[in-house]
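Contents: one structure, followed by commentary.
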């Protein structure tokens, strides 16, 4: 609990009961008018920096249902990555990228006094705007647009008239990942490397893309769009705090000139297109772990979101799409939390899943009542996904090499002069780190990391990054550092999968696996006669494209062009293929794939001798 000095700014608190009013969240049937009284909360012994516009910690007192409450707030220092940037496009299509100053921002997390749970997500940019929980009920607060007045409206979420009474749902109908056995996390015995992975802090560097329809929905007002996104991510960050996953906004792109993909109301088409665009375009411009498309279009039916399951850190699939379906940012943030949960391997809740709320985050049908909580099933599935897949990208702390501002203790980033950083006094769960000083506690050798366990360096020789395949090489802790050594892989061209393939960049690419990835289980590679189509260069049958022209395959290269697959059911077409007008390489045989005895497909889609290919 914060030790604070209270400095009272005397503002009267006059509750007023209203019947109906139109606010930003919509038409509200019952509300109170309050005048929050600010109690400036200074950390004991700390001095507020004169150049800092927004304080690190604040308290406000006002009445709810005629009874006084105190709202404790602390700045969410982990909201933005240090290298946060924004991109939009001029009317003539020029890319405009900026690095706005976000260190002294106005977004806070907090709680109501005498309630230990962090359930408040508040913007203090112009008055208090956001939501909090009190005695299990969700309340919203926002300033009233009255000149020269400190008046705010406080109201229960249930008193907001529903924009659409129809049920809403997620588009995921089947999982792409499922644990081999329904083992409970508590029954699982971890290996040393799994234990090290689970003990390490998890960071998701999030990129959000706003499509052109949403840009026009907000009448091209960049400030309004930024505010909307910041409020959503502040709530998203709050929701994932309970899972010990820190979400930092690293990038915002606004398609102000036009969409970079064909955003359709068909969710699976849009999701696949967005994933392909992320892999070929966005990842080359901005390093991040996960991207979410926020769109103003209405998806088909009652679907408002869609995401790949168990796909975190996969270039083409660590994505989700979310419809901006409500005036209340809390509901949109809950939907984004749901789709991000799918990316983290969490499936929809079954009937037996429970949480301490009327609705849980991963319910298949999304409730009109917002939820801050994951069910017991969700927590177990996340745990199982992390220990079985160990997605590596979320172990990387936000870059410190790009930091140009002074070190900030409490933002989860270990910067110059710090030995550890576990967040604020409220958030810190690290027994090795002093949250007030960002220094290790006496006797601690380390704070966190895959090679740190119980504040001590892990024994030298402990596996910290197991081999992901026979084309990978395991790495071991040194016993003197928290870091796992640089990732190394087997030499390209080494035979793998019982000589069915050759190693390429740490993988063993073979055609049958690529067919299954494109078409699902029950598929295999088509006969050679199908691949001969690639000699024509017609339609989608080619080896590569240059200057918008199809380049046909030479006879010896046909198995390096379009990939043809067939289903085991003999009644289906024998030469099935996939393509995308937005990603010319989609559906082609992967580089490094075996195309004959002792031969592999090179980057120019030629079938060459494996001994000279690399």
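The chain as shown is numbered from 1 upward.
Each residue, glycine too, has its Cβ placed from N, Cα and C.
Database features (Swiss-Prot):
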type     : residues                : note
SIGNAL   : 1-20                    : signal peptide
CARBOHYD : 221                     : N-linked glycosylation site
DISULFID : 313-393                 : disulfide bond
BINDING  : 338, 342, 348           : Zn(2+) binding site
MOTIF    : 338-349                 : motif 'Metal-binding'
ACT_SITE : 339                     : active site, proton acceptor
DISULFID : 353-377                 : disulfide bond
DISULFID : 355-360                 : disulfide bond
DOMAIN   : 406-492                 : domain 'Disintegrin'
BINDING  : 408, 411, 415, 418, 421 : Ca(2+) 1 binding site
DISULFID : 409-438                 : disulfide bond
DISULFID : 446-452                 : disulfide bond
DISULFID : 451-477                 : disulfide bond
DISULFID : 471-503                 : disulfide bond
BINDING  : 472, 475, 487           : Ca(2+) 2 binding site
DISULFID : 496-508                 : disulfide bond
DISULFID : 515-565                 : disulfide bond
DISULFID : 530-575                 : disulfide bond
CARBOHYD : 534                     : N-linked glycosylation site
DISULFID : 560-601                 : disulfide bond
DISULFID : 595-607                 : disulfide bond
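All features noted in Swiss-Prot, drawn onto the structure.
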residue : record                : CB count, 10 Å
338     : Zn(2+) binding site   : 28
342     : Zn(2+) binding site   : 26
348     : Zn(2+) binding site   : 23
393     : disulfide bond        : 18
471     : disulfide bond        : 24
475     : Ca(2+) 2 binding site : 20
515     : disulfide bond        : 23
530     : disulfide bond        : 21
560     : disulfide bond        : 29
601     : disulfide bond        : 26
Residue 338 (Zn(2+) binding site) and residue 393 (disulfide bond), Cα-Cα, nearest whole angstrom: 20
Euclidean distance between Cα atoms of residue 471 (disulfide bond) and residue 452 (disulfide bond), Å: 27
Residue 408 (Ca(2+) 1 binding site) and residue 446 (disulfide bond), distance between Cα atoms, whole Å: 19
Mean of pLDDT values spanning the domain 'Disintegrin' (406-492): 87
Cβ neighbours within the same chain of residue 353 (disulfide bond) - under 8 Å, at least six residues apart: 360, 362, 375, 376, 377, 378
Any further residue of that chain within 8 Å (Cβ to the Cβ centroid of 408, 411, 415, 418, 421) of the recorded Ca(2+) 1 site: 407, 409, 410, 412, 413, 414, 438
Per-residue Cβ crowding (10 Å cut-off), top of recorded positions 221, 411, 534: 534
Near-site residues: Zn(2+), ref 338, 342, 348, CB cutoff 8 A to centroid: 170, 172, 305, 307, 309, 339, 341, 346, 347, 361, 362, 364
Chain-mates of 472, 475, 487 with C-beta within 8 Å of site centroid, Ca(2+) 2: 465, 467, 468, 473, 474, 486, 488, 489, 506
Same chain, 6+ residues apart, C-beta under 8 Å of the C-beta of residue 418 (Ca(2+) 1 binding site), given in sequence order: 407, 409, 438, 439
Residue among recorded positions 339, 472, 487 with Cα closest to the Cα of residue 607 (disulfide bond): 472
